[in-house]
Amino acid sequence: MATKEELLSLGLSDSKVAETLKNVKLTETIGSIVKLASESGEISKQKGTLLYQLATKLKPQVAAHTPLVVKYIMNDGIKTEPQLSAAIEYLLSHTVKGIQVPDFEKSCGVGVVVTIDDIEAAVTKVIGQHREKIVAERYSFPAGKLLGELRALLPWADGAITKKEVDLRFLELLGPKTAEDLAPKKKEKKPEGPKPSKDAAAAATAPGTKNQKEASPEEFADGAETMDELLRTRAHFHKVGENFKQDGYVTTPKTAELLKAHVAAVGGKVVTRFPPEPNGVLHIGHAKAININFGYAKAMGGVCNLRFDDTNPEKEEEKFFSAIEDIVHWLGYDPARVTHSSDNFQQLYLWAVKLIQKGLAFVCHQKVEEMRGFEVQLSPWRERPIEENIQLFEDMKNGKFDEGEATLRLKLTLEEGKVDPVAYRIKYVPHHRTGNQWCIYPTYDYTHCLCDSIENITHSLCTKEFQSRRSSYYWLCNALDIYCPVQWEYGRLNVNYTVVSKRKILKLITTKTVNDWDDPRLFTLTALRRRGIPSEAINRFVAKLGLTMSQMVIDPHVLDATVRDYLNIHAPRTMAVLEGLKLTIENFSELNLPSSVDVPDFPSDPTDPRKHSVSVDREIFIEKSDYKPDDSDKSFRRLTPKQAVGLKHIGLVLRFVKEVKDAEGHVTEVVVKAEKLSEKDKPKAFIHWVAKPVSCEVRLYDRLFKSKNPEDAQLVPGGFLSDINPDSLTVVYNALIDQSIAKSKVYDRFQFERIGFFCVDRDSTSSTLVFNRTVMLKDGGASGKN
């Protein structure tokens, strides 16, 4: 541990010393470095700065070479920060291959002397290349661009001296800064939001945080329009075979040999995997996982496997296997291979025996309650003889223990403090693929990393909650002397006003709150597809969120906005009436109108030739809300006894003649007179309508829950089932659609003019179509207009 005096001897300020002393690990590293350096002589301020930088940049993989770097700093072989960075990079790149001193010296410029004359000449050359632009832009010219070019020319030059020379040349060329130079530059106004998140590489090593942040559309600045763009430009992961360069990666004497075989096996290409549990359908959070795993492999020219983590036979059903694979294809991805953790049960068992033989695993008889938590007593069976553990594990395999009577545990402590995680447990449940062959099943923590190794996964990409298991991931692979992939983490995606827990969704189904896993009010991917949300919109939504370590909580309207943007371009427009009111045009025969008119499918794009034919008739239907029997509401802009209204697409203006009422006094029909639209007397509004319509059923979906977080015990003390929105579904049984869409197929999508975007549901029959509302229009649709 470095003392205050030792830190001061490095030339640090009092405030920097105080800050450093708070970091115990860094202080310990500095202490050992100062001790090594002191053996070589007095520490000057320049050397002290380099020694401090060494302590902050040093990674565990190269810690053994600390004496070598200290030696070169103290004998003036390494004099600048660029040299130090190059030295550390060389050591990191040669963690596995080993270092050669001549190569090391060459890589970090040992013995290279950069004189003032060299710096002046390089600055003259670089400024000369940009002179015209510098003169034009004056001090607004980005000096960083010049410094970058100078670093390329003179990588070992002192950065401070180089910067001083550039500043001097600017002064000579441009003279002192004028008032205009000093005036603050106007910046383009950007929407306020949080600072862009760090890229995934930085995120993987960032300290953990339990904070979730709510995201809004303005926070898409760190994302991209497509997953390909996002993963090419933001995902700075390791190169295939350079696993050892990553923080926390543990190397062994066999690492070089294993990595060489691994690179050969994958042909130098990226291999990822998406490993869902087949005990439920996928939800919106899985869309992010699918896109990152499949998307990264695709962007890098590699492949991605779909691996079912089928290690818990109690909860797995065949329907979930097919549903998951179907959704992966729906999102636009094709797995290179479909694999199962159960494919490897025999190998996993043999490795468990090997761990026991190495004294790294033991059979334990503690109950779950005794093992649960962080401050637990070590198992009294932790140090039982290896031979006894082997026999007991064999007895577990052969069905000689009851469920819960014995487990196999690993001898390690996780980052979060949990001790000796369980590797195998007993379950007398037939497995859907292996039948009754096994009664012991491996846990996720044991299976996950080993299956990654078997499949030669290059990048094990997972959500942040697995960060605390990274050490056990590396420990297991290295304990068995097998190839060890690199685990990277990213922030999980959650959505407000819903639940995604499989257990809670099942509760919603069993209580008949929702109909099934694909009920359009849920945020499972099958439900979103059924609601009419396109896979392309989901992929774009995920891409726009970017790569971040933060756990994001998204409001549903953020997804809706992305969906709306997509459908506005891809969903053809049509007219439909939800609650119809019959209008009879009394002078229809005088108008000499055609029996039908052509209406563009995409009127916002005049170059798009697609169109559909709409019937024209004496009797038409409009929305009840588009007519008011009195004129008291001055803000109302549509049909009243004293106010005309226009019909979209047909160039007619309707004027009130009379109402027709039933015996109870309800208006059942309005008789109107029509006239051709003219420039003189334009109505205040134009409304949609249908003629000779077809009846259908329309389902209007809203949020399933009233609260943002229905799982919050403080906000919803009665539990999530007490928070159900009673108006989450409204069914319109006699809606009217135009004949042009009467033959639509399941999943066909349309924009019902002035109402919203709708999709044909699978409940449709040959006689009655059923439409689900996908999203409303931005303005709330016809009901929100005056």
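Glycine too: its Cβ is placed from the backbone N, Cα and C atoms.
Under the heading compositional bias 'Basic and acidic residues', Swiss-Prot lists 181-198.
Here Swiss-Prot flags 276-286 as motif ''HIGH' region'. If you take every residue in the motif ''HIGH' region' (276-286) and average the pLDDT, you get 94.
Residue environment of Ser501 (ATP binding site) contains 12 other Cβ atoms, counted within 10 Å of its Cβ in all protein chains. In the three-state DSSP scheme, Ser501 (ATP binding site) is classed as coil. The ATP binding site annotation in Swiss-Prot covers 277-279, 283-289, Thr463, 492-493, 500-502.
The feature L-glutamine binding site is assigned by Swiss-Prot to Asp309, Tyr444, with similarity to another entry given as support. Long-range C-beta contacts of Asp309 (L-glutamine binding site), restricted to its own chain and to partners at least six residues apart, with a cutoff below 8 Å, comprise Pro275, Pro276, Glu277, Pro278, Ser341, Tyr444, Thr447, His448, Cys451.
Taken from Swiss-Prot, the feature motif ''KMSKS' region' applies to 499-503.
Secondary structure at Ile284 (ATP binding site), taken from DSSP and collapsed to helix, strand or coil, is helix. Tertiary proximity for the motif ''HIGH' region' (276-286) is limited to same-chain residues at least six positions away from its ends with a CB under 8 Å from its CB atoms, namely 308-310, 312, 315-317, 320-321, 323-324, 327, 463, 492-495, 500, 502, 505-506, 517-518, 522-526, 528, 538, 559. Long-range C-beta contacts of Leu493 (ATP binding site), restricted to its own chain and to partners at least six residues apart, with a cutoff below 8 Å, comprise Ile284, Gly285, Ala287, Lys288, Val542, Leu545, Gln551, Met552, Ile554. The Cβ neighbour count for Ile284 (ATP binding site), using a 10 Å radius over every protein chain in view, is 24.
The binding-site residues considered are His286, Lys288; of these, His286 has the fewest other C-beta atoms within 10 angstroms of its C-beta.
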